[in-house]
């Protein structure tokens, strides 16, 4: 009986956690629904009297609104991509790992298995990155999300406002969500401002509409400022081909930590997230390059050969075009016979 209660309690807590994790999404959704009502009904249909102005406002508003909702939906419901069974520790190695008590031998077991995989980043101590929870060798840029309870490819962060882990499969959607949310707030603020002044100076006297229009401007400006800083930060990350986690802790290669290890130049960095077809950059469809398991590195040879680490100094001073040319000509695989 007691054992059953102990099992039921964690299940109940996990259920409550899953329910509560949707609270931020519900809050944002309610604010968006109210903003839609306040703008469409109270501003455009009740306050604005000019038919041409009313039609223009409604057309542009719904265009931005659809893009905003579309990207928000994609950011919420696009599941983060996980490592495949290829990175899962096989049964025989898992048995050896579990039965071994010496940490150095456990690391050796994982390292032997990882030699068959395209993995080049390491832990701070130089060991193979291994997830004890998922029992997998972590691909480059992969991290375990304690909220989602799984390893996520190219994990950036867990966002409570979309109740999802942002990574390789949905990072583009998250960026577009921030951009269109900011545009949504900016558009509302610009078109509402003149009527805000009219209501504030009592030139217009509709009581109910006045409340909605005044409050609409304050909410739009508040969210716009918050989104502007967050979007600007992620634009900076994209320009350097870094994730939020990598910005706080530089990825470690065989040659040591390198915060610019995946930096390919601004144009190629943008292509990593948005793809090569620029016509699809602003549309929430998946166009990111690669498979999520391997990534082009600034100096592939450096990540495999510590003797070339000294080239870091002058590499940092190269332009994007020079860096791209160098990276393409230095894609050398070094095999060392043991």
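Here the Cβ of each residue, glycine as well, is placed from N, Cα and C on the backbone.
Curation plays no part in TrEMBL annotations; they are all automatic predictions.
Transmembrane segment is the annotation TrEMBL gives to one range among 57-77, 78-98, and that range is 57-77. Of the candidate ranges 19-37, 57-77, 211-233, 211-233 has the most C-beta pairs within less than 8 angstroms of the transmembrane segment (173-199). Summarised by DSSP class, the composition of the domain 'Palmitoyltransferase DHHC' (128-248) is 69 helix, 17 strand, 35 coil. Non-local neighbours of the transmembrane segment (19-37) in the same chain are 65, 68-69, 72, 76, 147, 160-163, 188, 212, 216, 219-220; each lies 6+ residues outside the stretch with a CB under 8 Å from one of its CB atoms.
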